[in-house]
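Enquirer: One structure, pasted below without further comment.
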Amino acid sequence: MNPMRDQPGSPYGDSTPRSPFSPFSPLSVDDRHRNHADTKTPRSPFSPFSPLSGDERHKSLAESKFQQALASSGQLDPLSPGSMHHGGHKFHEVFQMKQGRYDLQASKISEMMKSSSLDNAPTQSLLSVLNGILDESIERKNGEIPQRVACLLRKVVQEIERRISTQAEHLRTQNNIFKTREEKYQSRINVLEALASGTGVEHEIATQQLRQIETEKSMWEEKKKHEEEDMVKLMKQNDQHNLEISALKQELETTKRKYEQQYSQIESQTKTEKSKWEEQKKNEEEDMDKLLKENDQFNLQISALRQELETTRKAYEQQCSQMESQTMVATTGLESRLKELEQEGKVVNTAKNALEERVKELEQMGKEAHSAKNALEEKIKQLQQMEKETKTANTSLEGKIQELEQNLVMWKTKVREMEKKSESNHQRWSQKELSYKSFIDNQSQALLELRSYSRSIKQEILKVQENYTDQFSQLGKKLIELSNAAENYHAVLTENRKLFNELQELKGNIRVFCRVRPFLPAQGAANTVVEYVGEDGELVVTNPTRPGKDGLRQFKFNKVYSPTASQADVFSDIRPLVRSVLDGYNVCIFAYGQTGSGKTYTMTGPDGSSEEDWGVNYRALNDLFKISQSRKGNISYEVGVQMVEIYNEQVLDLLSDDNSQKKTLGILSTTQQNGLAVPDASMYPVTSTSDVITLMDIGLQNRAVGSTALNERSSRSHSIVTVHVRGKDLKTGSVLYGNLHLVDLAGSERVDRSEVTGDRLREAQHINKSLSSLGDVIFSLASKSSHVPYRNSKLTQLLQTSLGGRAKTLMFVQLNPDATSYSESMSTLKFAERVSGVELGAAKTSKEGKDVRDLMEQLASLKDTIARKDEEIERLQHQPQRLQKSMMRRKSIGHTDDINSDTGEYSSQSRYSVTDGESLASSAEAEYDERLSEITSDAASMGTQGSIDVTKRPPRISDRAKSVTAKSSTSVTRPLDKLRKVATRTTSTVAKVTGLTSSSKGLASSSIKKTGSTSSLAKSSKRWA
């Protein structure tokens, strides 16, 4: 049909989009002639058939091609992997990144020139290669092009010239095809004239001509399909232009950032130079020379920047002139081709008029040709209907083209606005350049003043040398400066400590705080193993069996508290960690140590304690309530408390209503959003510190406690207090979740020292086993092993999110200073030292955005639309079967006219459904693009990651669809494919914007139950959901 489509040497290939008005489009000569002949439809000013003057067409074409050439360097970069893969050749092996620029290697360029990679590459990629070479030459300061790059550029230009010549040959072949078609039409006219004789042989020839007309009808239908494909390609070009505009905006932003960075660097350099001048007054003459040299360097940099600006302007003007010359040549060729097509159209019109006159003469023939005459009239009516349909299709296509041209005008205005902005930026930077010059002049004046000041200082030094007493005063001043420096040393040391803590937080290390328990009244302080407690987290322990330096052992932690430290001092250091829970972080604080080392005192405080003796649990919740009240104008918080214990490897609920019979709880294999993986544990909402005290008292009363030889009230279980926080931003509607786990571990003990038997012995065995499992987990994390044994005990399963997740974790190491507990103290300190080296990774917050829900609703509506279109396709696919059955029955009778009427109704009905589907798909895609532009700007600030499991709905096409014609099947499925593209784009956008959908249910969806309480507060409270 069209030799351009099947031509293997076509420079554009099969994948490049072509305009239906391009001389290289897949439309035939008749199609272009018919489009040109239809003068009733409005033309766009950017069309080659526009009634504008020649100069205006030249200007418009030059502007459009210049914009496409500028955008091609950003859109289809020859160095990007996408364009290389499109051309089928590995151009990215030739260009390599080197310090932000493309380094062209001589060996690879020579290989590419010898091979046939340039012959098979698309023309657009060759133009982008040429633009990339020119851009790289502009970025260089000298503006020269290397020899190997010049050879490659010459090769690319020769390849483009060769392709232009091949395109001219294709035009000649099309002319030959048009001449052959004219000969065919002439032969048909001769056949119609021969029909006047009325012989039977001539009648058969006429029927053969009618068959040929039917084949041409099918060819027209195929040409319609090609036109629709061209429209789809034009839509893709529209999307590509949008991407090009966004790329230009990004480039402008990068240039702004570069200029601001240069400005900040110059300011920092000037500040450092000032400080050097003030400190080095004695060597002022040498420093003056250095400053003069730096001043010369600044002048050189300014001159270099001016040269670069001039080179860029010259290159820009050269490109403009080249593009204008190319567009002039192309427009002259198109105008000549248009004139030829108009002349050929006139010839065809004259032939058509002669044909119509001949048909009128045939109507006057005898009865023998009457049947053939009626058949010809019916075929002529069908052809007229086809012409009307093609005209309507052309009008719709031209309307769409006009819309696209309006979009191009809008984009051109946007580009002009961007150019104006760039000019304003250039003016602003020129003003900054003037300010820099004034600053340099001020510096030079300051240098002159410093010279005069240095001379005066020299005179003063001569006077000081003469006076002996003044020298002692100078020595005194120096001693004062040394004392000030010694005082500043402590401030610098505290700043370094703060920076180290921030570094540890970024790494995600487990912070370790060591607290030394004071001696009891009955014990003597002389037998202590603690030799020294430093302010920088240093702890020195001495071995009582090895006195002297050999028995000393030093440990380093984040913080070490002496026996005199109060509960308020301890909580002041962990307050920032606790407050981060309200920002959506998970925090875990647990106390570790041997029996009787003060773990419960640190976490809870003494029994019946006042507010001054409160432990970490009460103080943390009290601080959370205060902050939540201060933020209630912006964020509404809900706080819930959960308290469980692990007793003999069983998880029990400490806030359960039935105290006599505790219920054993299960642990889920996957952690929920509410922190602990124990959904059956009771959870109570709290609004004040008094509610927390009541619940804590209930939990402590239910906790397993026993007496041993080492401690009268020893904890025989691990208790975990979990505080769940849910916050909702009143302005944006975003939801955040935070969890605070406060763990009081049971103490490790030696059975021979604790003197336990029976149940207490079994309890001690379970406690030591769980603590040893915790040590195995810590050792695996410290060594970064691939397998971490979390399932070895219930304790490690519950602490899995804190030890292996993205949580902020802190461990209190409780130390018994008694000399009799030296071995237990050493094992505790070694364990803590190993824990401090574990890196968990940076903690991350959990937030849920409002835009995620909107996207999911929009995705559901698109799926419903696709389902409706699937049902409509199935309905349309059933109609051809019924038509075929009716045709088979009517053929036996001979009613062919009814069949034609039925097929006409079916084609019109399917055409109406297709147009409805196309309008629905286009409106859905436009709505999606508007929504996507609003959401992507908000999603960039959220910084969340994740994935959404969206199952694509497969198209439901039955096997009976094979009976449908090619026209109906492709035209019906086209709007459905468009809708599916919109749905898939929405799915990918949701997956990039958020990672919180799987965990967005929050505390509201957790299975939290309440069966009653033993206290008045627990009875009146409801379940927190």
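A Cβ is built for glycine as well, from the same backbone N, Cα and C atoms used for every other residue.
Heads up, here are the entries from Swiss-Prot:
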type	residues	note
REGION	1-87	region 'Disordered'
COMPBIAS	15-28	compositional bias 'Low complexity'
COMPBIAS	29-41	compositional bias 'Basic and acidic residues'
COMPBIAS	42-53	compositional bias 'Low complexity'
COMPBIAS	65-75	compositional bias 'Polar residues'
COILED	203-425	coiled coil
REGION	263-286	region 'Disordered'
COMPBIAS	270-286	compositional bias 'Basic and acidic residues'
DOMAIN	509-838	domain 'Kinesin motor'
BINDING	G593, Q594, T595, G596, S597, G598, K599, T600	ATP binding site
COILED	847-879	coiled coil
REGION	881-926	region 'Disordered'
COMPBIAS	901-913	compositional bias 'Polar residues'
COMPBIAS	939-948	compositional bias 'Polar residues'
REGION	939-977	region 'Disordered'
COMPBIAS	950-962	compositional bias 'Basic and acidic residues'
COMPBIAS	963-974	compositional bias 'Low complexity'
REGION	994-1025	region 'Disordered'
COMPBIAS	998-1016	compositional bias 'Low complexity'
Enquirer: So what's the average pLDDT for the coiled coil (203-425)?
Expert: 77
Enquirer: What count of other C-beta atoms do you get within 10 angstroms of the C-beta of G596 (ATP binding site), across all chains shown?
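Expert: Around the Cβ of G596 (ATP binding site), 24 other Cβ atoms lie within 10 Å.
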Enquirer: Given a 10 Å Cβ-Cβ cut-off, pick out the one of the binding-site residues G593, G598 that has the most other Cβ atoms nearby.
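Expert: Within the set of binding-site residues, the most crowded position is G593.
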Enquirer: Let me know the DSSP-derived helix, strand or coil state of K599 (ATP binding site), please.
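Expert: Assignment for K599 (ATP binding site) reads helix.
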Enquirer: Tell me which of the binding-site residues Q594, T595, S597, T600 sits in the most Cβ-dense spot, judged by other Cβ atoms within 10 Å.
Expert: S597
Enquirer: When a 10 Å sphere is centred on the Cβ of K599 (ATP binding site), how many other Cβ atoms does it contain?
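Expert: Its Cβ has 26 other Cβ atoms within 10 Å.
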